[in-house]
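Single-structure report; data block below.
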């Protein structure tokens, strides 16, 4: 038979369908189609060409079949991906008991391995049969068993059992089990087996060391010391110059960041290939050594055949150039030209992807778009590179549109694509689209790994969906550092979830999570908002323990925390240690701390120090300082800071401009605020809101509403919740009841803004000031949320102004206030005022007794004026001022002139059941009257407006007296109390007596 059909001819048919058919015809012609050996070769030849039908026909027509016949048909079908048919052959083979030698077992087990998890059922049965036939101890067969158990079901235990049954283990046996432990990430067991291998006398091969190197690199942070030990062992074995081993070591050292060792191995290698080059280049790029990676490529380009992957890595090096981004971009364009010339860009999708990625990272998004557009073939990486590049370059809308286009092309998004798309949605605050992407990913069965889940948490946190953020975090099987930072940061940004943020931080600690500066910054932000000073100190201690207390980000967060908790000594200690690390955030935090703790002199000293030492104040710092001066109505200091902002060329900045509008309106210079507002080149919501609130605060409700209409017509800035607080306040101060309800209803009807508690408070004030107490009571009962302290205090104040009418409603409001704020003296004073206004002196005595029993002290009322020589402060009946005699003399003169003009003291505001004469005397010495008398006595010939600030609300008698004084003296008086501004001129007030 062999003379008719030479063996060499039989072997030449493998892989050639035509030759196989010719061979088949020769068998028929020579009547050799029943020969088992030749038929087995024919089956193998057909299967090698993928012709399973012809192979099956030959197999079925064989009168006799041996184990090789079955092995050929099973392994061939499995190799061609026809696993179900291979499974059927396996069953038939087992039934017929065709197992004549160990080589048949090898073929069958490999087929089981290729079939996968289904084939493992038969693999186990065959394993059992091997025990009966004593083949389980054979190294060749058991080596395949080890591989099958690991690749099919990932079972280290079964693989180890198969390894243990081998009587005489060869190097393949040892390499197989070491490879299993390496892939399983069990570093200790892999090296324990390696030690046993050496003890057994087996010589390690290049594959042994390859697995060990892989094991050392499988850790999250590769063990450099372990790699060094492996390298020493490899040197002793003489395999360091081996191409496979050397390339693996270079890649391993490069991945671990130990580039000195990577270069050392690279230089010692006798031969190198593209894999070796790529491994070292990847390490250089990871360390952001773009120039070195480029130089290495240029040096090796003429010595080895570089692969297309080498060009992809080279392109990734250009964005990492340390000198200038433009240099890297220029080099990238040169390589782009080279790959076009060589034609690589036309048939290598990877190079096109590398070009898109390179241009995007170098900031040339237009070039990235161009490359992407002209790519004939695009895979998921192409789309991901483009979407990620758009997101990183701030083209968020286009990134989202590219994602939609990608889905229209039926390309499934990968993890990186989802992360970039969700990031763009978060930047755009497009929660709905983000939810759609989330839902589609779940529907498609895409694995939402830790990184994607983190991106989802960021999206929901940025768009205010805190509950969704919590759900994502809870559903994650594992959390990394970013996960904890995301949830803690999201909770810390929500006022209602601040305690939860602290609890979450503690849980992260208990879970053994490594904490970084972002974690500490977030939790310190929550602690500072809660004013938990002691907890802040404990977290400071943890930061020291974690060796990150000296990082600028952490120190800035600590300064902000200590400042808000009133621990300025702690702030100053940290600030003094940061001499070389201070940035704008540091200075801002320190100044804000001083301002928060009412240390305005120190805040201003720090500002002047910054200016003298050449520090540049940014817009937010100016805004912070201006806001502080606005809160205490220090006009002169505010104007000084304004001058500094002009010198710094920041006057036109929208943040500074808005702060200036707010400062001038709060300091009584509404004319300056309006003038500056009108000259602003750009306005944001803060600008409009400050001006509208300024009008409302100064009693110019009509002007506030006109400006609101202008804002709507402008169309650039939609009204927000703060805008409507100003609008409703304007209606309240101007007594515009119908207008108030119209704007209140328009919030939800026209702008989709759900009214908040502060808006309900404004409406309660509108009704209260209009004297509509019955409607006010009905309004409160129908509120969708429980009234808070501000609303009940508004109700009580309205009852005070009603001269005792609806006293029961006022009493109810007072009782609610005593429950909510039992230690606030204002609540007791308001109740007393209500009883006094109605002449209910016995109830007034009871209210004062209740206040005394609660050990609550009333805040002293005081007024102050700013003169050239400083600030002068006055309290009621005070005679400690150096010019007290002059002041009281002037006051008597004013009282006489006012009486002559028709002034009658409103003794109801004396709040005591005293004789009429005593009440009048008490009213005469209120702090604001002392202040105005002082200014009039000190500035006899001046015609400038008199500006007086008061910490409490002005009483009705002083309000009446100031109208008379303004007319008698011919001076405008501007009084700012705790509620609003009053402009007195020619016997009238800007509030039209509606206050």
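Cβ atoms are placed via backbone N, Cα and C, with glycine included.
In Swiss-Prot this protein carries:
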REGION    791-868  region 'Type E motif'
REGION    869-899  region 'Type E(+) motif'
REGION    900-995  region 'Type DYW motif'
REPEAT    35-65  repeat 'PPR 1'
REPEAT    101-137  repeat 'PPR 3'
REPEAT    205-241  repeat 'PPR 6'
REPEAT    242-276  repeat 'PPR 7'
REPEAT    278-303  repeat 'PPR 8'
REPEAT    449-483  repeat 'PPR 13'
REPEAT    484-515  repeat 'PPR 14'
REPEAT    516-550  repeat 'PPR 15'
REPEAT    583-617  repeat 'PPR 17'
REPEAT    653-683  repeat 'PPR 19'
REPEAT    684-718  repeat 'PPR 20'
REPEAT    756-786  repeat 'PPR 22'
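Beyond its flanks by at least six residues, the repeat 'PPR 8' (278-303) meets 247, 250-251, 253-255, 257, 259, 262-263, 266, 272, 309-310, 313-314, 316-323, 328, 331 of its own chain at Cβ-Cβ distances under 8 Å. Confidence over the region 'Type E motif' (791-868), given as mean pLDDT on the 0 to 100 scale, stands at 83. Distant neighbours of the repeat 'PPR 19' (653-683): 619-620, 622-623, 626-627, 629-631, 633-635, 638, 642, 645, 690-691, 693-695, 697-698, 700, 714, 716-717, 947, 974, 976, 981; these residues of the same chain sit at least 6 beyond its ends, with a Cβ under 8 Å from one of its Cβ atoms. Applying DSSP to the repeat 'PPR 17' (583-617) sorts its residues as follows: 26 helix, 0 strand, 9 coil. Outside the repeat 'PPR 17' (583-617), and at least 6 residues removed from its termini, the chain residues within Cβ reach (under 8 Å) are 552, 555-556, 559-560, 562-564, 566, 568, 571, 575, 624-625, 627-629, 631-632, 634, 637, 641, 644-645, 648, 650. Helix, strand and coil counts under DSSP for the repeat 'PPR 15' (516-550) come to 27 helix, 0 strand, 8 coil.
When DSSP labels each residue, the repeat 'PPR 6' (205-241) comes out as 26 helix, 0 strand, 11 coil, counted as helix, strand and coil in that order. Helix, strand and coil counts from DSSP across the repeat 'PPR 19' (653-683) read 23 helix, 0 strand, 8 coil. Secondary structure of the region 'Type E(+) motif' (869-899) per DSSP, as helix, strand and coil residue counts: 16 helix, 6 strand, 9 coil. Under DSSP, the residues of the repeat 'PPR 14' (484-515) split into helix, strand and coil as follows: 25 helix, 0 strand, 7 coil. Taking H, G and I as helix, E and B as strand and the rest as coil, DSSP gives the repeat 'PPR 22' (756-786) the counts 22 helix, 0 strand, 9 coil.
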